[in-house]
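The following features are taken from TrEMBL:
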type	residues	note
DOMAIN	C:21-244	domain 'Glutamine amidotransferase type-2'
ACT_SITE	C:Cys21	active site, nucleophile
BINDING	C:Cys260, C:Cys406, C:Cys463, C:Cys466	[4Fe-4S] cluster binding site
BINDING	C:Ser307, C:Asp369, C:Asp370	Mg(2+) binding site
There are 4 protein chains.
Amino acid sequence: MPMPQMPPAHPFDDDKLREECGIFGVVGVQDASNFVALGLHALQHRGQEAGGIVTHDPVEGFQSARRFGYVRDNFTSQDVMSTLPGPIGIGHVRYSTAGSKGQTAIRDVQPFFGEFAMGGAAIAHNGNITNANALRKELIERGSIFQSSSDSECIIHLMARSLQRNIPERMEDALRRVEGAFSVVAMTRTKLIGVRDPLGVRPLVLGKVGDGYALSSETCALDIIGAEFLREIEPGEMVVITEKGVESHFPFRRQPSKFCIFEHVYFSRPDSILGGRSVYETREAIGRELAKENPVEADLVCPVPDSGTPAAIGYSLQSGIPYAMGIIRNQYMGRTFIEPTEQIRNMGVRLKLNVNRALIQGKRVILVDDSVVRGTTSRKIKEMILDAGASEVHFRIASPPTAWPCFYGVDTPERDKLLAATMTEDEMAKHLAVDSLKFISLDGLYRAVGQDQGRNSACPQYCDACFSGEYPVVPTDMVERGFEMKPAAE
Amino acid sequence: MPMPQMPPAHPFDDDKLREECGIFGVVGVQDASNFVALGLHALQHRGQEAGGIVTHDPVEGFQSARRFGYVRDNFTSQDVMSTLPGPIGIGHVRYSTAGSKGQTAIRDVQPFFGEFAMGGAAIAHNGNITNANALRKELIERGSIFQSSSDSECIIHLMARSLQRNIPERMEDALRRVEGAFSVVAMTRTKLIGVRDPLGVRPLVLGKVGDGYALSSETCALDIIGAEFLREIEPGEMVVITEKGVESHFPFRRQPSKFCIFEHVYFSRPDSILGGRSVYETREAIGRELAKENPVEADLVCPVPDSGTPAAIGYSLQSGIPYAMGIIRNQYMGRTFIEPTEQIRNMGVRLKLNVNRALIQGKRVILVDDSVVRGTTSRKIKEMILDAGASEVHFRIASPPTAWPCFYGVDTPERDKLLAATMTEDEMAKHLAVDSLKFISLDGLYRAVGQDQGRNSACPQYCDACFSGEYPVVPTDMVERGFEMKPAAE
Amino acid sequence: MPMPQMPPAHPFDDDKLREECGIFGVVGVQDASNFVALGLHALQHRGQEAGGIVTHDPVEGFQSARRFGYVRDNFTSQDVMSTLPGPIGIGHVRYSTAGSKGQTAIRDVQPFFGEFAMGGAAIAHNGNITNANALRKELIERGSIFQSSSDSECIIHLMARSLQRNIPERMEDALRRVEGAFSVVAMTRTKLIGVRDPLGVRPLVLGKVGDGYALSSETCALDIIGAEFLREIEPGEMVVITEKGVESHFPFRRQPSKFCIFEHVYFSRPDSILGGRSVYETREAIGRELAKENPVEADLVCPVPDSGTPAAIGYSLQSGIPYAMGIIRNQYMGRTFIEPTEQIRNMGVRLKLNVNRALIQGKRVILVDDSVVRGTTSRKIKEMILDAGASEVHFRIASPPTAWPCFYGVDTPERDKLLAATMTEDEMAKHLAVDSLKFISLDGLYRAVGQDQGRNSACPQYCDACFSGEYPVVPTDMVERGFEMKPAAE
Amino acid sequence: MPMPQMPPAHPFDDDKLREECGIFGVVGVQDASNFVALGLHALQHRGQEAGGIVTHDPVEGFQSARRFGYVRDNFTSQDVMSTLPGPIGIGHVRYSTAGSKGQTAIRDVQPFFGEFAMGGAAIAHNGNITNANALRKELIERGSIFQSSSDSECIIHLMARSLQRNIPERMEDALRRVEGAFSVVAMTRTKLIGVRDPLGVRPLVLGKVGDGYALSSETCALDIIGAEFLREIEPGEMVVITEKGVESHFPFRRQPSKFCIFEHVYFSRPDSILGGRSVYETREAIGRELAKENPVEADLVCPVPDSGTPAAIGYSLQSGIPYAMGIIRNQYMGRTFIEPTEQIRNMGVRLKLNVNRALIQGKRVILVDDSVVRGTTSRKIKEMILDAGASEVHFRIASPPTAWPCFYGVDTPERDKLLAATMTEDEMAKHLAVDSLKFISLDGLYRAVGQDQGRNSACPQYCDACFSGEYPVVPTDMVERGFEMKPAAE
């Protein structure tokens, strides 16, 4: 029963993989909702479609607000924020991945809330449950009524049916039934709970703010509220936080960790810290590695704004070719050009980007982008650059060819829409009609993110399924729907 | 977790009992949602706070839209209606009675929907479940997650847990666990279902529209869609309607019927048919009976607009005293004067009503109203009439003193707020400072609604608990919260 | 340059003449804007499309707010009202008559404001300037820039070019150039000014509220603010009101008065006082006169709601035939059914009205309506009554046949759309297919409004051009556009 | 009479000078309004508060829409754009400078329109009329009625009173009375007109699009519609463009040109072309010059985003110190954080910017910004950098100290709010508590923009009043209000 809410049109973003969620929670502060709103604002790049906040206050009980649109538009007015009192709260921003196809109902917007015999709990989930269909079917047969089409709702129904006597234990029960990738932030009346799946596919970090604590998908959201970054939650760890402190549990069977390598490439904000280093520096390092692997003579290194910028700087530093902003982004574009007239819609990329004609003219240009997904944008950008009079265009891509869909909480096109699934590097260069097109190698990427020995092909240090097709967790629901995995022998 | 939605302010209506719901359903027509919207529009007097529609279409599946505000404002645009395709649909308009105190969340707006193993079902409920608290507690302990604070949600959870193999039988199972007053309209992918509780407290009627069928709280909603009124659903009857026809079941133990007598007095629209006669005629008959029981010499009979009009006409016809519109209603008032400034708020009744000064001056006026609840409005109207220069004011009330709250789906003030619960008729006359105040007797009311022998005190023909304090179903939840019923001996 | 604002659709009201404006002003009170808002709310029946308020405060200067829609929706929030401070203010509600055809820009919404060398002034105008085209052309040639398409804007430009030294004298200068019908309320920083044209076609009344004064189109707006009705402004009178008191001037050549007789028939609210009597009583008297002139045997007298009600009561009282509400109005209709789906649109009148089937069946019914304009609604109502099983339908109309358009501030269809312009009474009866159709005579109407000798055909006591075709002021602009007046000899 | 419209809060932008307007016009294309909307979108950086479009169509005549907010939010829906038909149109985006203090009414939003005896005309104005007060007083005394508080409205009233027979000549007449800086785009039913004041203070360029022509404040708006950049309109030139071609006139006395040098520094978009070179390259050149004049040992060159970026790249290229993004902008901030809660408001700069902590730690950082106005933001950014652990902070500013307000169409703080008006460079460095603070010299800036010999102090090649205090046109109105100009001897 989807509501007639149109997701904002992003003519440009269909050519990127999209992280689908950001999660945030805080306990032990005054007016937790303000902290959650700020945290979600800092995580907005992880989900622009909708957001929600739940808080608890001893007098008012649990309160929630869930809205379509940006945090800054929905969670900044006194009208809304005053309805969310109390010292504890969690929040969620989302893009749709699982759940209703195309359109999202407000019912699908997290956090989800459940009233149990021992009190209420709310949860916010980043990731994707790969056996959600089977779980849902089983729960419905036993009398559960689902209110959303979200895979995440399974967790709260599993918790409702658990025989455990307190909420953290019910959550352990529930999550042991769940397969796939998940980072979860949850809350009861007094406890803030954080969990990462045993592989640690999606990120989750812990911070200290005043006398209280915060959990966040990324450290940039700790910065915005003035919190100190303490540490990453470990794969398979559950933390239960009260105003008194942080308890740590490891309810799952231990496994080798498989953090999503694409967080380094594109999803995380450049000012966030991952693995002890700023994401910006990692991307600059990727650019250097890319320059080492794929040098070319040229006059200028230009980023495809904004996500190609750090790698372009790295490429320039390594190669000695001057860095320049050959493409200018219209800062008023944001991602919200809604309802363009047909004529404007056809202008496509020009609304967002303009080429610095006078700068580019007659130059050999290296364009650095973070990834190529469908290739539609790359093609348009190349045309803009050539129209502006560039003499040569060389594409350099700061990630390996994206040839496989992600089933762990990232919105990917179906496999046959991925340019790299159907073409070799040379075919792609021909298809895009550029003078050259080169991707960083998978080993090069591993080196740039800090694995000096490169990728351990026996047991890769990261989840790199989108590049390698090697899925660390079998995507059960998708396989049932007919998805063909790569033969193991390959 | 109520949302920060303010119900419209009704400065005037706090002095009326308020029917809390209207329900409507249709099957076997093209674009059922348009019929449901029209039906709900005709039933808007039964609930102005919010409304919802669910439809089913073979291609699109179940679709729903639920909104605060009037049907005419929410369910008339092509944008909304085009999202509700299909040949079958049900709808609901509501005032809050049970459910969250004061504020309502959109989650509390019906119809409610549940996905069962054998398919989905939606239900809309008019009435009140008097054992909802106990049922809710039991269901939560067994792992059900409630999404609303509405008593009606119990029905769908009981259905989810039933062991029956089809939806009508699951509904029978569920409703046998439920106590109180209920008329229900429900739908599956292909079946429209209607039920009235064994006492038949709340109304429900059946109509034929083209090759299809409609269920409605009142016949006026059949008129608006051009449907033919077939018959009332009987107390304790369940009808299961497909495009092929109407099946009738009687799943409950038979009991003497107890239709709400206040539907005749105020709730139903004057152009609806109840018991084979137009409600208008019944009210005119009540006015005649009132004139017989309580005559007085005067110059004019004036209605308190608009609900006192038919009884005033009856009083005038019986007494021979000319009928006149001494009080004029501002038609632009509607019931939606939102956010008045303090100054306007204090003007109270004047925004809604104005006295016909030139007409009233020096006259002895009989004011006919349908009921007296708190007495606050009666007092203001009396003052307006005297300010305008009336020489005498005689109140005549077309119902007996309202001394007891209703627990069967009507929004009543607590008992100590009811003027008649704490004062005799004479004390009320003194309190209101009118020249005389008279109510129709309970026997007189029974005669006027067609019981020529008056009320059968051994087994009253109607539910008249609001007048008599004799509750046909024990209001379990309220008794647990401390409500004291009238001693049986009284 | 009309803005894309759609006026609300009134499927029903295209069959009434529409008064196009209500005006109100107050001086010498705290927060004048609240009084103006209340006054305009009481005058909402005179114009539903848009409204505006201007106030003046010694600190903030002149402030204004102009909005499309109802007063209750636009001028009740603290947000808006707090921007309109000060002890003096005027306001306007409007339907479009002159001005842009069909659509209205917010620029056309009054009051209009002008900054002159000696200070600012705002004016609100009810009526129509019949030589506006010529004036506008002349003013543009001399360098005035018009901001609206409204005829009323001429007045403010004429004032700007006057050589007089103060604003009231400039207004006299301006209004002496103007032909047609006008009641004007205007304000300077300290003065409230009211004017009626020499014929007094449109109404304007004076009231006292606390230590201050109010001007209003009708007395009902004095009642709502608790003001005392002092007197009507006389035809050709200008009052200049300060906090100290009321000065009266007569700047125009005296002429016999020609008040609009249709104000008695339909435009004014029944609780307003006109000519020392409530409009309700006048309409009841019209109904009595109608019964005397056009008796018929029948079972019931039913009003066409709501405007036919007082005349129907009068008809019933005179004829002895019982009065009954055979047609019920859906009170949630208001006049705002916006964007109906095609299906709902086609339902037409049913959305607004329903017949009391059980009451009407088998009866001979007299339907009393205030007027017949195009006849489209009369026809639909007749069909509803017959569908409901009435055995006879007799129409009785409380005004003479409307055969001529009004050019003095009333929105009338073009002449060939007026049923009475092309058919005799008998032809209309046949066209509507009713058992009989009778109008009150013009003499009868004059008697009912208090002219015991009937109409003075040498010099009629009222403007009755819509019935008689005798226009007291030549409609210059319309004649230039080709309107053919009735030959004088006729 | 300002309306209660709040301009968006820009906590950050109060520390920049703000260009107040962008103008655009097009003739000879299908659906001109779509081109104008795109052009204004590309010029949005020149004015974010409001925008307006006027078009003319042979059938519909002149049409207009004026709205608060961004072009992308107001001029993209079919609803609005379909009301603006025709092959010719002009538009305007604005920040308030002259006009009502603080708040703007929709009446103040351009283009302004006037109906003259020979037809209508609309104009859009970028700049500021320095004798507007005197002109306005004179026009009001002669009977003109102003509808806005904008200085630009004088032009249309002067045109209305001109004795010339056609609109271009009336515009010449009007503009000869006007002092100050102005670029104007205007239109009649068939002609697109562009004018620059004799000094050419504000920019205006001409482009060819299909068979038609476009006028724009900057070339970036030509790029977005696919127009070819033909040339800059010359100082003192008036072009009159029809579908047939471009006529050029020079109605004013010739004077040495004084283009605003700050357009190079900050106002214009980096991808626009000014003086035959991209603004980006000019800014990079400013950065190089800045590095030559003010070298310092450091580890990183970081821009203050986004306006400091090109100069920082230039500084890095010149100095050999690596360029890095030490400060990350939150791309979801835009400039629209409306109604922040008090707590969020106090977070100030953090909502917009975050420091790359892991990158900055222990480093000596050169921060490059385009200008220092009040210095409030510089201070906050310095604190963020130090909090993040930088060992040294050196500010380098790509313009000379801004010590004088602009009166030619730029929104500047009053003189005593300008940091450089009250402090020397050393005092500023101490005030900001940075390790060093250096500005480019005025001569250095002239060299960087292409004047190899630097500034001609006898007759400067640009208007640089904001740096030098030498105003090329006496700001009459401001001098009357008490502004003290720099003594000529200085």
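Cβ coordinates come from backbone N, Cα and C, glycine included.
All annotation found in TrEMBL is predicted automatically rather than curated by experts.
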Determine which residues of the same chain, besides C:Ser307, C:Asp369, C:Asp370, have their CB within 8 A of the center of the CB atoms at the recorded Mg(2+) site, and list them by sequence.
C:Lys16, C:Tyr266, C:Pro303, C:Val304, C:Gly308, C:Ala311, C:Val368, C:Ser371, C:Ile397, C:Ala398
Nearest of the recorded positions to C:Asp369 (Mg(2+) binding site) by CA-CA distance, picking from C:Cys21, C:Cys463, C:Cys466?
C:Cys466
Nearest-integer angstrom distance between the alpha carbons (Cα) of C:Asp370 (Mg(2+) binding site) and C:Cys463 ([4Fe-4S] cluster binding site):
18
Sort out the sequence-distant neighbours of C:Cys466 ([4Fe-4S] cluster binding site) for me: same chain, 6+ apart, CB within less than 8 Å of its CB, listed by position.
C:Leu17, C:Phe262, C:Thr402, C:Ala403, C:Trp404, C:Pro405, C:Cys406, C:Val410, C:Thr412
Inside 10 Å of the Cβ of C:Cys260 ([4Fe-4S] cluster binding site), count up the other Cβ atoms and send me the figure.
26
Within its own chain, what residues at least 6 apart in sequence put their Cβ under 8 Å from the Cβ of C:Cys21 (active site, nucleophile), listed in sequence order?
C:Arg46, C:Gly47, C:His92, C:Val93, C:Arg94, C:Tyr95, C:Gln110, C:Ala124, C:His125, C:Asn126, C:Gly127, C:Ser217, C:Gly409
Rounded mean pLDDT for the residues that make up the domain 'Glutamine amidotransferase type-2' (C:21-244):
92
Reported as an integer number of Å, what is the Cα distance between C:Cys260 ([4Fe-4S] cluster binding site) and C:Ser307 (Mg(2+) binding site)?
18
Please classify the secondary structure at C:Asp370 (Mg(2+) binding site) using three-state DSSP.
coil
In whole Å, note down how far the CA of C:Ser307 (Mg(2+) binding site) lies from the CA of C:Cys463 ([4Fe-4S] cluster binding site).
21
Within 8 Å of the Cβ centre of C:Cys260, C:Cys406, C:Cys463, C:Cys466, which other residues of the chain have their Cβ, at the recorded [4Fe-4S] cluster site?
C:Val201, C:Ile261, C:Phe262, C:Tyr408, C:Val410, C:Asp464, C:Ala465
What does DSSP call C:Cys466 ([4Fe-4S] cluster binding site) in the simple three-state scheme?
helix
Long-range Cβ environment of C:Ser307 (Mg(2+) binding site), under 8 Å and at least 6 residues apart:
C:Lys16, C:Tyr266, C:Asp369, C:Asp370
Going by DSSP, is C:Cys406 ([4Fe-4S] cluster binding site) sitting in a helix, a strand, or coil?
coil
So how many other Cβ atoms are close to C:Asp369 (Mg(2+) binding site), meaning within 10 Å of its Cβ?
23
